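Residues or ranges marked as GTP binding site by TrEMBL: 23, 24, 25, 26, 27, 28, 29, 30, 69, 125, 126, 127, 128. Here TrEMBL flags 30, 47 as Mg(2+) binding site.
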Ligand code: G3D
Ligand code: MG
């Protein structure tokens, strides 16, 4: 392999990011990923294991892991932490009853050493639902303002309609890129 090829491969590798999409079951993780990928979002079945999708966006190759969020599966989340650049935490903004559980699970993740370098994007999903809590209320319930260990951002969105998905993902990529990708 010539030097130029090696350099090109190294640069390609730098543009390859690993995103981990987590949240409680039914938050809308799989729908969000499908919508972002331009797929039909009707009839999404619960994720029993994980989905991995490789997407191209803004010249980045995104390896996105969508792991099932049922309580029986949460202990397996740790198998997916390694080399994660960005953690996307998806919240069902209509699910007031499980908001404390949601906050608890997120706090646990942020203590994980192997996620220490990851940027956190919180999607306050299902904003299209009547009665959905606004992103500001989710921010408070999840005590995001107390996070000092990670760069974070919260974005209200609807995976169903696609509203506000891109601004969230773009913020995430910008933040990661400023850390891991040298300028061209
Ligand atoms: P998960 O992968 O986090 O477990 P899914 O969640 O993507 O499987 O979605 C769970 C349910 O929430 C699905 O409904 C899905 O259509 C719905 N959903 C996901 N995102 C949104 C959203 O932005 N708005 C609304 N209104 N619903 C959403 P079903 O009925 O198929 O179980
Ligand atoms: Mg799913």
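Quick reminder: no glycine exception, Cβ is built from N, Cα and C everywhere.
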Annotated binding-site residues 23, 69, 126, filtered by Cβ under 6 Å to ligand 2:
none
Under 8 Å by Cβ from residue 29 (GTP binding site), counting only residues of that chain that are 6 or more apart:
21, 22, 23, 47, 66, 69, 88, 90
Write down the Cα-Cα distance for residue 30 (Mg(2+) binding site) and residue 128 (GTP binding site), rounded and given in Å.
17
Which of 30, 47 has the fewest nearby Cβ atoms, counting only those within 10 Å, among these binding-site residues?
47
Counting Cβ atoms within 10 Å of each candidate's own Cβ, which of the binding-site residues 25, 27, 128 comes out highest?
27
Can you tell me the three-state DSSP label for residue 128 (GTP binding site)?
coil
Helix, strand or coil for residue 69 (GTP binding site)? Use DSSP.
coil
Residue 30 (Mg(2+) binding site) versus residue 126 (GTP binding site) - Cα distance in angstrom:
13
Looking only at Cβ atoms, how many others are within 10 Å of the one on residue 126 (GTP binding site)?
24
For the GTP binding residues given in the record (23, 24, 25, 26, 27, 28, 29, 30, 69, 125, 126, 127, 128), what is the largest pairwise C-alpha separation in angstrom?
22
Inside 10 Å of the Cβ of residue 23 (GTP binding site), count up the other Cβ atoms and send me the figure.
23
